[in-house]
Amino acid sequence: MDIPPLAGKIAALSLSALPVSYALNHVSALSHPLWVALMSALILGLLFVAVYSLSHGEVSYDPLYAVFAVFAFTSVVDLIIALQEDSYVVGFMEFYTKEGEPYLRTAHGVFICYWDGTVHYLLYLAMAGAICRRKRYRNFGLYWLGSFAMSILVFLTGNILGKYSSEIRPAFFLTIPYLLVPCWAGMKVFSQPRALTRCTANMVQEEQRKRLLQRPADLALVIYLILAGFFTLFRGLVVLDCPTDACFVYIYQYEPYLRDPVAYPKVQMLMYMFYVLPFCGLAAYALTFPGCSWLPDWALVFAGAIGQAQFSHMGASMHLRTPFTYRVPEDTWGCFFVCNLLYALGPHLLAYRCLRWPAFFHQPPPSDPLALHKKQH
């Protein structure tokens, strides 16, 4: 997989978030939630016009260029918010976290801002750079799609259901387009042609003749997927208040963060149970039986989704913004960290295996009609 160059023009434009946020923080009129929402919408609109004017050729070639440019700007804003909430910087985005989206001050909000300001930011620059040079970025787009969709679905649902549901301000409705963008972007990314592979028909046939026991790496991944599936189901039952002793011990001694009234961890575990659990079963099937050409794409999507989710969940479980009673106990910290790290690492190994050795997932080559005719006669 080629790594596209970063877009310098978008990087420079996104860094304008620093002076803009600092200036807006000192405007006294932005102490009202409605003005915060209107000013935020105005800035994003002006930014979109600026991107379209400065990079009309790139936007015409691929409209997602404008989306990545605007989102790169918001990623810098999110990084500023995270650094501010952890007291690394002051005087930038206090007006927004107080009057715009106060739920960003939660531990979960801080860590999704860190992820958006680092991982998503680099992905935006890489994908925009690929568009500038007319190169492929499909794999990066699929990873971003899963990560972005998981982040926004858990965050918006947690805001509505959690203890911050009574503090929803007008700025909350600015996130509604974030629900529509992944749908449109996903269709654009999936419609792009796949990168060509060097797998010949003989290589595909030879690889697909091997049984699972002859492929130790795939066997290990299947075992991982089965264990991850059980772990996913177990944590889903835990947040659904399953009365068994195992669930009671786990939620109080290993992951008390699942009881936090902010609702983000509960929503996260339910997302896992309803979406990741079926994927584990389907992926295990695709690793066992050849020709499942859909797995490489969806493995990237789920790697991005689980990577983002586990980063936010693990970080929030131990962050100082989480009340002490809901943080991971010190005597079980090692078990918690290892289990959750392996849960995040496995999908990335699966995606790497699919991209690095894709022959097993190709559609079987059609039979030679001449050879078939000779065999029959």
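Every residue, even glycine, has its Cβ placed from backbone N, Cα and C.
Features of the protein shown, as given by TrEMBL:
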TRANSMEM  33-52  transmembrane segment
DOMAIN    61-186  domain 'EXPERA'
TRANSMEM  64-83  transmembrane segment
TRANSMEM  103-128  transmembrane segment
TRANSMEM  140-162  transmembrane segment
TRANSMEM  168-187  transmembrane segment
DOMAIN    217-351  domain 'EXPERA'
TRANSMEM  219-240  transmembrane segment
TRANSMEM  269-287  transmembrane segment
Please report, as numbers and ranges, the same-chain residues at least 6 past the borders of the transmembrane segment (103-128) whose CB is under 8 Å from any CB of it. 3-7, 10-11, 14, 58, 64-65, 68-69, 71-72, 74-76, 78-82, 85-86, 96-97, 137, 140-141, 143-144, 147-148, 151, 155, 158-159, 162, 164, 167, 262, 264-265, 307-308, 311-313, 315-316, 319-322
Please list, for the domain 'EXPERA' (61-186), how many residues fall into helix, strand and coil according to DSSP. 104 helix, 0 strand, 22 coil
Mean pLDDT for the domain 'EXPERA' (61-186), as a whole number? 88
Can you tell me which parts of the same chain pack against the transmembrane segment (168-187), counting only residues 6+ beyond its ends and a CB-CB cutoff under 8 A? 33-34, 36-38, 40-41, 44, 64, 67, 96, 99-102, 141, 145, 148-149, 152, 155-156, 159-160
